[in-house]
Amino acid sequence: MKNNTRFTLIVVGVLFHLLYLWSIFDIYFISPLVHGMEQKISTNNPPAKRLFLIVGDGLRADTTFDKITHPVTKKADYLAPFIRSLVQNNATYGISHTRMPTESRPGHVAMIAGFYEDVSAVTKGWKENPVDFDSFFNQTAHTYSFGSPDILPMFKDGASDPNKVDAWMYGHEYEDFTQSSIELDAYVFRHLDQLFKNSSTDKELDKQIRQDGNAFFLHLLGCDTAGHSYRPYSAEYYDNVIYIDKQVEKLVKQVEEFFGDNDTAFIFTADHGMSAFGSHGDGHPNNTRTPLVAWGAGLNRPVRLDTPEFDEYTENWNLANIKRNDVKQADIAALMSYLIGTNYPANSVGELPLAYIEGSEGQKLEALLNNAESILEQYRVKENEVINSQFVYKIYPKFAEKSPTEYLKEIKELIKKIENGEESLEPEAIRLTEELMKVTLEGLHYLTTYNWRFIRTIVTFGFLGWICYSFMIFLKLFILNNSQTTHPSILNISIFTSLGLILNYILFYQKSPLNFYLYLIFPLFFWSKIFSNTAIIRDGVNEFFKGISKAESVIIGLTIISIYEGIVYGFFHRWILSLILVSFAFYPLVCGVTDLFTNLLWILTSVGLSSFTLLDAVKIENLQQIQVAGILIVLSSAYAVMRLSQDISKYTQHLLSIQIFLVSGMLHFTSKSVISLQKREGLPAFAQVGGWAILVISLTIMPFLHYLKPNNNYQVRLLTIYLTFAPSFIILSISFEALFYFIFTAYIVQWLQIEKNIKVLKDEQKSDSNGIQLLRVAIIGFFLQQIAFFGTGNVASISSFSLDSVYRLLPVFDPFPMGALLMLKLIIPYVLLSCGLGIMNIQLDIKDYTISSLIISTSDILSLNFFYLLKTEGSWLDIGVTISNYCLAILSSLFMLILEIVGHQLLKNVTRATSSQKKTN
């Protein structure tokens, strides 16, 4: 019966955490996507016949315009002189501000569809998930696209007529991070050139290319690839920018010669930027600021300023005398639609940037009004959806003060006056139209979040219910040893059945998605069980805290609150975690451990471990640190084998020696790979094969050989696990991570011995406060759960895990295997901790899963904290941090649920024996 209860807890816990992990995307980041709108044409008099959209994937704004010293030639110059000359003489320019996640799919969707996908869109992939809403390409006469197979199929396969979009793509094998990235962009220009040449012998193709309303999309992946491989301050990245600039210059001349009409509009921009460490995804300004340069038919020339405008970011651009016009990334879709006179994309929320448009105020006003009405149409459709799903509907307050009809009436009255000669009213009409757009966009957000309060209440009761339910199971199984099933009373069944029916009807009436019903199931289940077991909770709490005075209870309570709050703040400021670790350095003394060597070694290890949360989580490759860590792992393992030689058989000694040899071998192959890649000589085949061979042998064959003749000494088992994962951690380390692995393991080993000593001390004193030790171990274990991540990672950037280490195994871009390797690196410290907690159960002579069950019951206090700390407004860096915090908090709980099972299997039949272990094992 006890096993059934444990199994139920684990299954329910895994399902609960997986589902509630997604709840923030259903509540805070739901897509305002609606269908059934009447589309609005941008203008009846398009200024351009065709448009070229040139996207430098991963190109930063500052790199485009700054004067930069090339790391090889040492020459200081502008990397893009032609684009710069356009800014100075022919173009309007600015910064296009992207939103998070700063990834390729959301960035391209924003600029081409004018629509910000919800944050979860980054998980959809690319080719397999074409965009499921209207786009600028969908509205063109025909689109010719060239570039990456990760981007082009989204819009080709997602078009209303796939034949409307042609795509020329290279194979995935081109995306080799160890080769020149320029070839990726050369492919694009080469195939565009071939298209023009083919048209000279194909009249039908020539006619199609020359028709009005066409778009040409050039996706240039080179900068992104070079940035990931060598960083955005590398010669490779700079050379790629130089190459793009030269090719754009050739392209402009080629287009002018081919069409010969000067009716082509050009847009040059990027989908996202690149961090200093070669990553993107988060809301750091280096990732969200991209260049936007627009020139050609229908586009303004530069506006020169009498008084130069300076700011810290652009001061080195030397463009202070030219007006900079910043836009939101979605505004680009509206601009492109206007330039060739297509409909605004149905779901576009982009605002037409008037500063970029050449033309009269009247023409601008017409296009802007159509833009506003297109967005207003989305609001009306969304409002009808909400009205039809509410018992009572409260109109958006700003539209209650002044309705959309009143706005439109006022604008159209101004237009009539303008047509009658009162041209001075044009700025007022434009201002009012822009105000209507702004209020409409705010109204869309209001409608999208209309049911927030109700569903957030359900989720809150779900978290509180899980905390109480899991703590109740802990008390029942491990404190009271009560495995009997308590059946709910008729009153309990009646109350929760009635409540469930009422809440389900509300969800049904509101036309809620299926997930909302699933969110409701959990709080109903949890609280039904809690109210059926109030006696167990009361008796369990009394037993758990037996022998603890009121004063001690207050001190313990304040300590727990302080640690939990410290952990919450530690998610934002990692140095706080270092302070907590240093404070833990003295707890053995407080608990009565007097051995000087034990205390000194523990203090040194605590200080050493605390240093990792002071280091920059975004790392620069450092082979020396990897080598030092590898040597320490080899020496510590050899020392451990010598110390345990009396307790292990020759068979086990040989296996452990082989594992130490594998660690040395992995260190050798890692060193060869790093040196070769740093010299730009590519990944040596022997190092790649050797790395994979040791990785597979360490993780599969060696554990199997140990399984054939297992040694049940807990120290030997922990050493075996330590050596099993060491090669993986070495090859996946960028700098100090392997050092963390060494010290983190040492910390766990010492912690086990200290708690064992404290238990012996308390048993000698016949102390009746085992609950305090259990609570202390659970709190430290929970804290180490956070250190398992923060020792090498950081939630200030969801992209803080650089791909440098993965190139040593996978030089060609392949997101899923690369992601799997990074996840392996992330999970390994959790596995070590889970094994440590399992051994702690044995050391303290308590039942399996006792400590992890107590940790699981309290860990979601963090999840609930971060659920309410989530931000949907403000800087994208802040928003990204809050999302990452919540995900990490809830995944930590999920990891403990899953990994305690893994840990239990890894520690099967382990005993406390250290000297009685027979060598025949």
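Heads up, residue numbers simply count up from 1 along the chain you see.
In case you wondered, yes, glycine gets a Cβ from its N, Cα and C as well.
Quantities reported herein were computed from a predicted structural model and do not represent experimental measurements.
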Worksheet item: Swiss-Prot annotates one residue of Asn262, Asn492 as N-linked glycosylation site; which residue is it?
Response: Asn262
Worksheet entry | transmembrane segment according to Swiss-Prot, located in which of 319-339, 655-675 | 655-675
Item to complete: Could you tell me whether Swiss-Prot assigns His654 and Lys871 to the same side of the membrane?
Response: yes
Response to the item:
Taking all protein chains shown into account, the Cβ-based neighbour count within 10 Å for Asn909 (N-linked glycosylation site) is 8
Worksheet, complete the sentence: For Asn286 (N-linked glycosylation site), the three-state DSSP class is helix
Worksheet item: So what's near the transmembrane segment (517-537) in sequence-distant terms, Cβ-Cβ under 8 Å and 6+ beyond its ends?
Response: 12, 16, 19-20, 23, 26, 455, 458-459, 461-462, 464-466, 468-469, 471-472, 475-476, 480, 482, 486-489, 492-493, 496, 499-500, 503-504, 507
Worksheet entry | Sparsest-packed among the glycosylation sites, when each Cβ's other Cβ atoms within 10 Å are tallied, from Asn138, Asn198 | Asn198
Discussion item. Excluding near sequence neighbours, so keeping only residues 6 or more apart in the same chain, what lies with its CB under 8 A of Asn262 (N-linked glycosylation site)?
Written reply: Glu256, Gly296, Ala297
Fill in: Among Asn90, Asn286 [glycosylation sites], residue with fewest other Cβ within 10 Å
Asn90
Worksheet item: Using DSSP, what's the helix, strand and coil tally for the topological domain 'Lumenal' (841-849)?
Response: 3 helix, 0 strand, 6 coil
Worksheet, complete the sentence: Sequence-distant residues near the transmembrane segment (685-705) by C-beta distance (under 8 Å, 6 or more away from its ends) are 655, 658-659, 662, 665-666, 668-670, 672-673, 676, 720, 723-728, 731, 808-809, 811
Practice prompt. Give me the Cα-Cα distance between Asn90 (N-linked glycosylation site) and Asn198 (N-linked glycosylation site), rounded to a whole Å.
Written response: 31
Practice prompt. Could you round the CA separation between Asn909 (N-linked glycosylation site) and Asn286 (N-linked glycosylation site) to a whole angstrom and send it over?
Written response: 53
